[in-house]
Amino acid sequence: FVFIPVIFAFFFPWNSLIGDITLFRDITLADLAMNGIIAVFPWIVLILHLVRGRIWDGILDMMLWAIWECFIMLILCYLYPDRAESVIWHASAYWEDMSQWLYYGEGTEGNPSAWLPIHLTHLGVIHVGAFILGLPALILGTMQLNYMNFYVAKVLLASDNPLLTLPVAWHFWSIIRVIGYITIATAMFQLFMKLVFRVPGRLGHFWLAWISGMVLVVLDGVLKWQLADTVRELLRFMCDF
């Protein structure tokens, strides 16, 4: 059930049918529709787990979904980069910023004072979004995964050996952050379900999941701070930057 909505959302003419209606800052109705189509199916699966109090099964399924979503979207971005740039929210701006980092060591990625406020904002939105029926957090996560996959695809297109470059281009600290966000969002959604709908579930499991997610988010920041320059140099060696 993963690849069908992703492929449909990627090729569907959202802007032509919906128009360029801005809802919040630079997020348009077309952006929400595209990412909502991708996110709604795993959201339903997550609900089915959480109404039974199975928070860890929910976290595992969300991680498996994220892997498949990234796999499919990365292939689409690699094969159709122009299409990807036009339909994926924040793709152009993110690549422009990351390319500055790759070429010159400038930009957000190598500057903790620049990326830390962004990460804290995302973390706050994920907490709130997960506590409001869960779907807003999942849509935000989908949007972030998509523009990160666009960045990875652009790096692979500049490499003579894309398969060898892939595990470096998908920064390992970003993978840790994705796992952390999934764990936190699932925990917050479970708490919402328990408080509002009285579904089964132990508060101890909530706290364990939430703390684990926060530890992963902190670990992401530490690794990124310490190793971003090393990864940048490795990518420059492997690619035509």
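In case you wondered, yes, glycine gets a Cβ from its N, Cα and C as well.
A TrEMBL annotation is a machine prediction, not a hand-curated record.
Lifted from TrEMBL, the feature list:
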- 32-51: transmembrane segment (TRANSMEM)
- 63-81: transmembrane segment (TRANSMEM)
- 125-147: transmembrane segment (TRANSMEM)
- 168-192: transmembrane segment (TRANSMEM)
- 204-223: transmembrane segment (TRANSMEM)
Quiz item: Any chance the transmembrane segment (32-51) and the transmembrane segment (168-192) have 3 or more Cβ pairs under 8 A, given the pairs are 6 or more apart in sequence?
Solution: yes
Quiz prompt | Close approaches to the transmembrane segment (125-147) from elsewhere in its chain (Cβ under 8 angstroms; 6 or more beyond its ends) | solution = 31-32, 35-36, 38-40, 42-43, 46-47, 66, 69-70, 73, 88-91, 94, 178, 181-182, 184-189, 191-192
